[in-house]
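Single-structure report; data block below.
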Amino acid sequence: MSLADRRLHRSYLYASAERPEHCRKAWASTADAVIFDLEDAVAPANKQVARASLVGLLDELRSRPVGSLHVRVNRGPDGHYDHDDVVAAVADGVDGLRLPKAESADALREVVGWIDAAAADAGVDPAAIGLYPTIESVAGLTAIDTIAGADRVARIAFGSTDFLADMALLAPDDEQLATVAARSAIVIASRSAEIGPPIDSVHTAIDDVAGLEAGARWARSLGFFGKSIVHPRQIEAVHRVFTPTEAEIEAARRTVEAHQLNDAAGRGASAEAGAFVDAAVAARARNLVALAQHFEESS
């Protein structure tokens, strides 16, 4: 499966489902994907109001397809997701469900059953709605292999703040160092399950563009692709990180061509512009070229 086939998005912009005007602005933004949020962005007393608002928004916006539309649902203290949230989110045009605090593949299978039943009633394809579990706890990380391998999981997201809190690291000196092992485990599990690369955590300091971009580049270097964001002002920097540059694309194309010449000449490897080129290097280059084509076609 190529990178371009894995529902890759650079930015996932959250908007509170109880604030329809914010959702409309997010939907009109340049974010690759928008997440209508029923969870953290909604006060407990307003959950039903937000769910009703979501249903109206989905009906309104389905006639104006722009980007990819996701919904984040609630999870109860018993580990089960909110059935009514899931059913409300099953609608034409919804591409994914964000499942917070994922800790069990069984809970994901329960969600799939709810999606299937609701999709039959709504007349939509249940397989079109991918699952995006978020790892935010030690229990979730411990179960990462079964979560990543669960049916209909498209990609894994990471929630750094909640994960650090669960680790009792409330104010680590170096957040990157404190989470590198967890992040790497998520990357490896995603690759092993043959799903898309994981999605990086939010950067809550909205005006800290330098920190946002540096963190996104670091996450990309670990194998993450794309980032959850909380404000439209963060879109440009995130897209800059996860969009291949012209120089990167040209270098990748030269690498692919060099490997093709190697094959034609019966050579296993060669040097291109002073760099070693073999099958593994060429595979990475082909992925980058495919990624560039993916964003060119979707722009």
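Cβ atoms here come from the backbone N, Cα and C positions, even for glycine.
Within 10 Å of the C-beta atom of GLU136 (substrate binding site) sit 24 other C-beta atoms, taking all shown protein chains into account. Annotation source TrEMBL lists substrate binding site at ARG72, GLU136.
The Mg(2+) binding site annotation in TrEMBL covers GLU136, ASP162. Its Cβ placed at the centre, ASP162 (Mg(2+) binding site) has 18 other Cβ atoms within 10 Å.
The domain 'HpcH/HpaI aldolase/citrate lyase' annotation in TrEMBL covers 10-232.
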Checklist entry - Where GLU136 (substrate binding site) and ASP162 (Mg(2+) binding site) are concerned, what is their Cα separation in Å, rounded? => result 5
Next on the checklist: Which secondary structure state does DSSP assign to ASP162 (Mg(2+) binding site), in the simple three-class scheme?
Outcome noted: helix
Item to check | Cβ neighbours within the same chain of ARG72 (substrate binding site) - under 8 Å, at least six residues apart | outcome: TYR14, ILE35, PHE36, ASP37, LEU38, GLU39, ASP40, LEU97, ARG98, LEU99, PRO100
